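*Asks:* Please see the structure below; I have some questions.
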């Protein structure tokens, strides 16, 4: 089943990619050429947001709740020292200034072991290393949160300190952050600047909603299952990120593109004999006369000064990387299996027009389907494909629903003999014609309806043949099975006159 599911998702993603691959929003997520500008804009936004974060931290206006944006604190009537008061030990308020309890209660909670003093100290040090890593990738410098007064914290461990201390110098005050207060500040910085949900173990370029928060220390009694397993998972996840590369940089496929560029640029490296200096290497780009002492310098020149040429020559490998990036992302749009929902039983379905139901004539295309093929929801399907319930449904033991099309019946055209010619007609139309003409009913498929005998309706009609397309009988019941049509390969292509052997 897993193999089938994987193949199904792969097929679905390929179709989705082919449909949307030329749209900018998808190219900005996975195409290496677009990712150059995306990374540049992301880094610039991170630097700007970090500066605002530090200003609020120094002024005491920083709300360290789990949301993406903190509410500024009104300082009228308050002095700044009050705004820099420490939060409660349980970290529930999550604020230096004034925060909202609602966001804390609405946010997802980490494992209860996250509120242990021992775990808080580990998370502080790990979060600071992670901040230094991410800041270096985005060009953020002089981050006061990424460095701590470790010497002082080591001296104070015996006096109840819970790890590193960060000194925040405001305009008129100096504040030291430590313990749960410092950790809440660090994870808030990671979330709002870098899109990192520390306790949620996720990193995204488009953070939304609330991050995970550590558990309330007041509700943790120290006894919890799988605490060690959760800690190992958390630590290994972030250690892999600390030792790894920027996910967006990896999507650029720089090594693959550089390797392909070296091959395709070889014809543009010209080897020239110089009588004075010996062999020289020239640039083969249009209109360029630069000369170099080695071929690798020409390659470098082409990549720097003729970037458009390099992009054109490596377009094939860039498109391949684009497709691979999309297919390798398990959270890519279009990757969720679309489950086909059955049509609501209470909603009736209109019968398709007569021209859609008479598609059994030779030359028309009609695809055969199995009886147990999945039902559709009625949106966008071929009107020639009926929708019906399973045979085992108790509701089907009586009359079949009137919205189910029945297979057509071959009927002679008006005035034709018993040998035809014939045309396919809906069962209700055929029944109406036979009753009016006093003829016996045609043979119905197994399990189909049982029409009234010709004689029960008062004998044959004396009014002559009625129109072919009359009103359907309200008592008619339909066969739920799908019709299957076959093409006679031996049948002649043109119309053939049917011979009437009664005159022989």
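In case you wondered, yes, glycine gets a Cβ from its N, Cα and C as well.
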*Asks:* Select from 42-61, 122-141, 142-161 the stretch of residues annotated by TrEMBL as region 'Disordered'.
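*Replies:* Within the set 42-61, 122-141, 142-161, TrEMBL attaches region 'Disordered' to 142-161.
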*Asks:* Are there residues at least six beyond either end of the domain 'C2H2-type' (283-306) with Cβ under 8 Å to its Cβ atoms? List them, or say none.
*Replies:* 261-262, 265, 267-272
*Asks:* If you average per-residue pLDDT over the domain 'C2H2-type' (283-306), what number do you get?
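*Replies:* It averages 82.
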*Asks:* Which residue counts does DSSP give the domain 'C2H2-type' (283-306) for helix, strand and coil?
*Replies:* 11 helix, 3 strand, 10 coil
